[in-house]
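Heads up: the structure comes next, in structure tokens.
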Amino acid sequence: METIAKHLDVCQEQLLELYEENSNNLTKHIQHWKCIRYECVLLHKAKQMGLNHIGMQVVPALTVSQTKGHQAIEMQMTLETLLNSDYGMEPWTLQDTSREMWLTAPKYCFKKQGQTVEVKYDCNADNIMEYVSWKYIYVHDTDKWVKVTGHIDYKGLYYVHGGHKTYYTNFEKEAKKYGNSLQWEVCIGSSVICSPASISSTVQDVSIAGPASHTSSSTTTTLAQASPALPTCTSEERVDPPPCKRPRGPTTNTNNARDTVSVRHSDSVDSTNNNIYPNSYNSNKGRDNNFCTATPVVQLQGDPNCLKCLRYRLHAKHKTLFVAASSTWRWTCSDTSSKHALVTLTYVNEEQREQFLNTVRLPPTVTYKVGYMSLQLL
């Protein structure tokens with residue numbers, strides 16, 4: 001047991017040094033996965049010997065350490081092939097080479113420089129989902145890596161490799177999941193892309209509302225594939241009425257019918273829907289600031305293994321700067337699919353917490369929030 005504990009301490013110390021170094025060198029990240037692989041081997045052997053704890057660390061079940069070890073081997077071998085490619089000398093962060101990123105859509109590819117894309121389903125501002133469009137995607141093709149660029153159109157997020165367009169997010173499938181109709185709007189920065197269903201619905205509404213002399217006119221709408229930098233719904237003329245909502249009050253000008261329809265740019269303002277309402281969730285009135293009997297806490301968030309190593313180091317080197325540290329935990333009722341775990345630290349008072357934050361250097365992959373715990377600790 002002492003031999004395993006000694007080797008485990010050395011392994012976790014190396015992991016902490018790699019986290020704190022936050023290198024952009026791919027060889028460092030290969031070393032990181034080698035350490036995780038070795039750690040899993042030690043924990044697997046300890047469990048086979050009947051050990052449930054090594055120091056303060058709980059020894060996981062055999063299947064857990066075995067599965068995580070296999071994942072570490074996969075990541076190590078994949079990164080080694082990437083190192084030998086044309087892109088091995090590019091800057092790579094620890095987040096770029098994490099397993100979470102590896103399994104993020106598009107799966108089994110490395111990604112860089114993501115941009116948030118908002119999709120509004122059913123033209124409802126309260127039904128918005130966020131996705132990530134990647135600028136660069138590294139695809140493994142047989143025996144080599146290929147670097148391609150990501151694109152966006154009304155159908156979804158995709159990349160082109162070998163003349164084949166591969167969608168890794170399909171907005172129509174997402175609309176069936178999150179919406180009640182096959183209508184959606186894609187917002188990228190200041191540009192808006194609309195689904196064909198949204199455009200046809202808009203054309204029909206405007207034609208009915210127009211004068212009788214224009215109902216038989218032909219309607220032309222052009223939809224272009226878009227890049228994040230340019231508006232993508234264009235046409236010969238522009239119409240002010242919004243595509244998804246009817247005016248709430250009577251219109252004063254009935255002589256402005258148009259023969260063609262375009263989807264409005266996100267910078268345009270609809271005068272009939274320009275009211276601003278206060279956000280009741282942001283109101284601080286009546287807030288109870290009576291924290292005099294509450295316990296100051298810091299909640300750490302990050303990779304479970306990183307948090308375990310950090311907690312071990314805190315107990316070893318900074319145990320006078322906090323009172324207690326929880327085990328790693330997660331919210332069980334959360335709707336998110338985040339793999340991050342949490343660790344809660346408690347303090348005697350705010351001064352001790354402030355001293356902790358000013359003294360302890362947290363790894364770049366760990367974030368924190370400060371707060372209070374109203375329950376008394378036993």
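Even glycines carry a Cβ here, placed using N, Cα and C.
Keep in mind the model is a prediction, meaning the values are calculated, not measured.
Per-residue confidence over the region 'Transactivation domain' (1-200) averages out at a pLDDT of 91. Here Swiss-Prot flags 1-200 as region 'Transactivation domain'.
As annotated by Swiss-Prot, compositional bias 'Low complexity' applies to 209-232 (among others).
Taken from Swiss-Prot, the feature region 'Disordered' applies to 209-282.
Residues annotated as compositional bias 'Polar residues' in Swiss-Prot: 250-259.
Look at Swiss-Prot and you will find 273-282 (among others) tagged as compositional bias 'Low complexity'.
As annotated by Swiss-Prot, region 'DNA-binding domain' applies to 295-378.
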DSSP-assigned states of the region 'DNA-binding domain' (295-378) in counts, ordered helix, strand, coil: 27 helix, 24 strand, 33 coil
